[in-house]
């Protein structure tokens, strides 16, 4: 089974790119972030025509998350991260697919640091960690997947010294990412690519993609109960070079049946 995440940076504007990638990569489950479309503007007809069922939580102009599935039913669990009823941003959707819990997330960027946006990011991470711990205690096969807006280690960014006080790389958020791993969550891309510079995002500015001046923001963390099933992982970095592509590239894993 192939499971992927892709920050599309506007689903309707990038729909041809998304459909082309779906046709070529043929993932079974896909988590999307930054739909940037209200609920009623999600292109469900085109997604269905590509062979996928979908659930989504839209928001006008910002955020938005979706889960796509080919060949398996999607049972929605919740479409917001528990713990803050006042949080109206569409950043989290959770479902059960093929007996796995799929948690699709778009974690806040947090910039500028310091400030309210960074505090919101820390509060959001705190709630995510609580849900992640619950899933571990329930001993379920589960996946935390999406755009975390966290650069875990120095190897995950082209010039780490320039990012020390950026909200993507602050020690507080990096520690939180490490804490998830200490609880048993497995960074699937890193564990299969130790010591290798692997990026998932390249800014539109300064010819970043051409220079491979990127960073690793998009992650697929699997629970311990999927560890023995992890087969492969990778980044479809060439998609970033397609015309009118997102500034992110799709990230994927394969699990043994």
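Each Cβ is built from the backbone N, Cα and C atoms, and glycine gets one as well.
Copied over from TrEMBL:
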{"type": "BINDING", "residues": "7, 34, 147, 149, 247, 248", "note": "Mg(2+) binding site"}
{"type": "ACT_SITE", "residues": "147", "note": "active site, proton donor/acceptor"}
{"type": "SITE", "residues": "149", "note": "site 'Transition state stabilizer'"}
{"type": "SITE", "residues": "218", "note": "site 'Important for catalytic activity'"}
{"type": "SITE", "residues": "248", "note": "site 'Interaction with DNA substrate'"}
{"type": "ACT_SITE", "residues": "248", "note": "active site, proton acceptor"}
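Taking the mean position of the Cβ atoms of 7, 34, 147, 149, 247, 248 as the Mg(2+) site, the remaining residues of that chain whose Cβ falls within 8 Å of it are 9, 33, 106, 201, 217, 218, 246. In the three-state DSSP assignment, the secondary structure recorded for residue 34 (Mg(2+) binding site) is coil.
Residue environment of residue 7 (Mg(2+) binding site) contains 26 other Cβ atoms, counted within 10 Å of its Cβ in all protein chains. Compared over the binding-site residues 34, 247, the count of CB atoms lying within 10 A of a residue's CB peaks at 34.
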